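TrEMBL annotations:
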| type | residues | note |
| --- | --- | --- |
| BINDING | CYS363, CYS367, CYS370 | [4Fe-4S] cluster binding site |
| COMPBIAS | 667-680 | compositional bias 'Basic residues' |
| DOMAIN | 349-627 | domain 'Radical SAM core' |
| REGION | 649-751 | region 'Disordered' |
Amino acid sequence: MSREEMARLGWDACDIIIVTGDAYVDHPSFGMAIIGRLLEAQGFRVGIIAQPDWHSADAFRALGKPRLFFGVAAGNMDSMINRYTADRKKRSDDAYTPGGEAGKRPDRASLVYSQRCREAYREVPIILGGIEASLRRIAHYDYWQDKVRRSILLDARADLLLYGNAERAVVELAHRLASGESIERITDIRGTAFVRRDTPEGWMEIDSTRIDRPGKIDKIVNPYVNTRDLPACELERQSAEAPSDSDEVQLLHIEPGPRQRLDRSHTVIRIPSYEKVSKDPVLYAHASRVLHLETNPGNARALVQLHGDQEVWLNPPPIPLSMEEMDYVFDLSYARVPHPAYGKQEIPAYKMIRFSVNIMRGCFGGCTFCSITEHEGRIIQNRSQESIIREIEEIRDKVPGFTGVISDLGGPTANMYRLACKSREIEAACRKPSCVYPGICHNLNTDHAALTRLYREARKLKGVKKILIASGLRYDLAVEDPEYVRELVTHHVGGYLKIAPEHTERGPLDKMMKPGIGTYDAFKKMFERFSAEAGKDQYLIPYFIAAHPGTTDEDMMNLALWLKRNGFKADQVQAFYPSPMATATAMYHSGRNPLRRLSYKKSTEKVETVKGERQRRLHKAFLRWHDPENWPLLRDALKEMGRADLIGSTEQQLIPERQPDEGYVAPRRKNSQKSARAGKGRLLTQHTGLPPRETTAPRPGKGRNPSASGKAGSGTAQVRRSEANKGKTAPRTGGKGRGQDRPAGRKARRV
Ligand code: SF4
């Protein structure tokens, strides 16, 4: 937005200015568009500053001083994930920028933008939002610096942080500020974090180590130390804080006082301070565990964490939007196109989602490598069928280039629409991290009838030729409803369906909270049966994660043998990406398992983590066992593992003894050379061997959104059937990402 646009609207000033790291696309897949349109519908004048030049405060003054606040977000993804690969290498492109150009946002964009807003207008409140702020709301492990960072609230020096889906919070905040309330007094909105220096009157504080004891009792600092002798004090403090490896447990007997009844709504849980969690991995894992236990809006309590002399206070998560509220948000008047200032430049993320429809939010899967629950929550928020149908019609009638193909009807997971706990009361009291792990909870309603009905109604629409499902499918749920699988396979698979077993071995699967590979086999049987009945040649594309915490070299070797046995060859492989706040990231950093009670005892379960460059390469190499470039590394590893018997040329062996003749070109390279010359009617690809698809259909994994949401996605490997039509090209299957691996989409989308 520019001053000229403001003048055309007759505005002398904006009430609220939103600063974002993404290009502005007026579409409900983009968090800033939702928040902007929502505030506009509430009568506020909202200006957007998209991808400003952050080198000075000038660009932040472009729309003048906002009357109420600056809303700052890094964009649909964490800016570090947007800018760097899982191997910490700089990316050469950015899906959220016109022309896909890289470098249009800074590292840690929320911090940088906040500082510039402060420089531009010192007295204007700064409100942080978006996925970057949401997932960095307490002290968190930062993969790129390999250390625990403070809550982003403090580093950004923002006044308030809105986490999760922030519609309710932002509307209430705007109205209260507009009515003259000061930002310092607004401390009672759910889904917010702020800094305070004391616990308010009437609140009961519980030490988190009481509800989930990590097994350590802090040493008491020597009370007789000379407090004027600063070096001695410091030594004393350090010795008191240093973690101990000792198994010794001191038992303290404290006489209980009269029993007090706790009021959950006025209870705050004190998690260990930033200073403690940054030094002590066990306490870090404990803090992560407590945070995850306090994510159900039905029973979550406030959390507080000390940083130096400042307390970061987290109110409980937002109450999920009702169906009517979801419809209201999605029915706002979006233009559904990028801002006209970008002209003909294409924004790759927009291109991927322009014909897709988001039907729900949230996920109750609880996969540990994904941070959707920490952001959107695990209670599914659904749109009504009528609202979804209206959006499809709008796409058909309004979006340039629509050819009759809806590229996705989905969300964070394709098939959780209208699924929920059978009882509201049980749901409100539940503290489990997943409704589908270790098995499907008997309280979960798994009837997909509403989704099946939606598919049928959508197919009837005039002008809609095909509807694809590109969001990741939770196949362990799908097999519970064969009629749904039949519907999906018969009408909504564009040749390939991506699903995400993630691994074959129990060890890593348990750390991911994923079902066993047997469930994949059950789904595969169903998929093949219904495909045959429909007379369709269709393929499953399974995804696997390399180097996930809890994965040993042997696990990867067994996965490679499974891939070979089943005739799969992965074309693209990515390793586990430790994104902020995910449980698997806590495992990666601490080497402990926050899914269980933690302790300092040596006998406590330790989690294998894959950190060194060679081991990460090795795990990826096992996924691409068929690529001769990986054979030297695999041969060395197999010998070290005592499995030289797997080197040879029989069917049961994994890799041959010798390299191929000179002149050999790896399939991936050969293919990318081909794709560079791809001509008319031929899709560029990084896949080899999959049969070609209709060119009108969107690419699997590219359909709905540019990444972050799907259950299958980046951080995973995609595989193909090696026996299928060798030599033919096929479209590249996209990397829809865990948590927020790139490029972002549904799950990484909200403010
Ligand atoms: S009781 Fe079961 S279905 Fe209900 S919320 Fe808890 S885990 Fe989910």
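Here the Cβ of each residue, glycine as well, is placed from N, Cα and C on the backbone.
Predicted automatically and left uncurated, TrEMBL annotations should be read as such.
Feature annotations (TrEMBL) mapped to structure.
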| residue | record | Cβ neighbours (10 Å) |
| --- | --- | --- |
| CYS363 | [4Fe-4S] cluster binding site | 29 |
| CYS367 | [4Fe-4S] cluster binding site | 28 |
| CYS370 | [4Fe-4S] cluster binding site | 31 |
Can you check how the pLDDT averages out over the domain 'Radical SAM core' (349-627)?
93
